[in-house]
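Each remark here refers to the structure printed beneath this line.
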């Protein structure tokens, strides 16, 4: 292989040097436009993937074509140097040799094309068909030996290699069709299209050769022939280089710098362009004086410059992709961030973007995963991170202030090294992502808070309504008791007083009894008033505080009550609203126990812990019915407790008693000495 | 102003409601047993009158200006501290033992807690005045009724130091029995009962007071903190 490469290179150098010497050489365009690209492409592919059949074949084609050039140029040089016009006896063997070399090159191109993309034979017929192509080598001999007119002999001699690329492309079409049928490969459709396009192109090229033979080899036909003749080599070379790099031809697994690939494509395009321009100049010189021809060539070169630039740009875009600047990346990512309410979308997007922009093997992004559970978090991965811890990886933390909000982790670049600019880019993106996570968190926290506040607001509304209703009900009760109870009794007292007066006037004996009754009645009214007043507000609560009021209330219960009041609670005074709410709770709990619980015993515990007043009323009654839920009495208690910033929990199981447990944050008043 | 009639009790009335104050004064003076040497409307006036007239006893409303809370109790403590010979009857509209406890918190001697409507039971009121003037103590039957009827117990009771037998004795004491009838009820000797009574007084910190008032205080303590927890 090395021998092939070296000899090809030497041959090429020799040919170009010689060709430049031969001013009017018509073969120079061919050397620049076809052989040089082919050789270079083969050389670089072989260098990167030495064992690959396609690479080997391409280099072989290039080298062989270079050899062909050597032969031709040597013949031409010798001819012009010696100054003789070779007669048939001398020229025949030389001509034959040149033809043979061309045929071999053409067959090699056909084999190269037919066995794409992996360079191996898939079907038995391919081996037969491709081997039989070598029979064409015999064609010149046959032509030589079989007697026929000279013109026919010449025509036959120059024909075969013109068709070979088309034959190769045709075989490739057949092969891709068969392959699809067999394996249903995914990319087969595209291959078939490429192959068919190549076949059409190369068949056109073959036809053109026929046209040239018929019309003569001069003038525009020469130029077109040069262009078309070089076409298969250029197209195949550029196609293979691009394909190998971009699409990873099977088995052609190599990494190359994008710049290398681009440089190669640039050289191929440049060589072909130079060849074509030379051909144009040569064509022009046939019609015009040398100076004019040079002028034409230069101006056409200038005019065609945009074409070449376009081709180069095309190659650059395909090799490098659309690669935006770091600034553009940041702007793009910033736009993405604007819509980054959803971290589950952002994380994969960030991972994929970073991987694409920086050519990283893999990227893993974790957003917000290091925080508490309820806050949003997400992760995203691009590429496949290796399992082992030993593999090279870099981790950039996402920090907002002192908060760690996740990280970006990435592997090495596909090619090349990580530059400081790349690192800056990652760190800038990490900062932006941290900001996004922070914002998403704020957002989430805010919506949690808002939900909470809304819930509290509606609960507060309901509770306020209930409290107002309870107050109204209580006022109506007091009014009823005053009017229907005490006032009526006072009216009765008045009536009885009138009776006493009557009795006094008539007969003083019975008035003593009546007056005694009157006194008892009045005492009853006082009792009634006392109870009413106590019901409105127990004076002992105001005068002596919660512990005394609870004890007093407990003593009037007809069932055993155990009161456990922490010593620190006894003398303590709390703000009136807390004392009232706490006493109301105990009092209502007692009322409920008596009404519903059928309890044998009640226990009240009052304690203090952590700046809170703790109340606990439990009974051994029947418990609450789990299906009906808390009744209005319990709701009222809860409202009262929550109105002073406390909370009430109700623990109850059927048959197992009920426990009311309240916690009220203390606001202490003074301590009395009771 | 001194009263020459030595058989009649000299009393100061403190009551902010004019009609009640004058009604009580008329009622008491009507009996011929009491001379009302002053009738005032506030606790400050009461202390002033006590200081000037040195009565035998005082009738004080529990609620008086300016705050209408327990000014009567505070005044009673002040009077007892300044003049141990003057008894104080506190008339209260609260049928609530907590006020009685508040009144008796420094000792029961010379103090009475009566519901206001007791002025209708004139004999009761006169008896209470005599008792406090003699340095004894009276508590309204309604309060005792509540305490005796109560099924409440507390866990921090000073009674927890007492033995079961001492509690038995105390329970009988609370029913108004003297040592002899307690001895009969428990089938013990009277001297044993007396020993239990004395050790109960000692445990409740009542060693310094007179026999009768120790008894009242012990019973009050018992009633206040409730019987021994049921097993």
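Glycine is treated like the rest: Cβ placed from N, Cα and C.
Where the annotation comes from TrEMBL, it is an automatic prediction and has not been curated.
What TrEMBL records for A:443-470 is coiled coil. Residues or ranges marked as domain 'Histidine kinase/HSP90-like ATPase' by TrEMBL: A:577-668. According to TrEMBL, the feature transmembrane segment maps to A:29-47, A:59-84, A:96-116, A:128-150, A:162-178, A:190-208, A:220-242, A:263-282.
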Subject >> Candidates A:29-47, A:96-116, A:128-150, A:162-178; stretch with most C-beta pairs under 8 Å toward the transmembrane segment (A:190-208) >> reply: A:162-178
Original post:
Which numbers of helix, strand and coil residues does DSSP report for the domain 'Histidine kinase/HSP90-like ATPase' (A:577-668)?
Top reply: 33 helix, 31 strand, 28 coil
Original post:
Do at least three C-beta pairs under 8 angstroms join the transmembrane segment (A:96-116) to the transmembrane segment (A:263-282), pairs 6 or more apart in sequence?
Top reply: no
Original post:
the domain 'Histidine kinase/HSP90-like ATPase' (A:577-668): mean pLDDT?
Top reply: 86
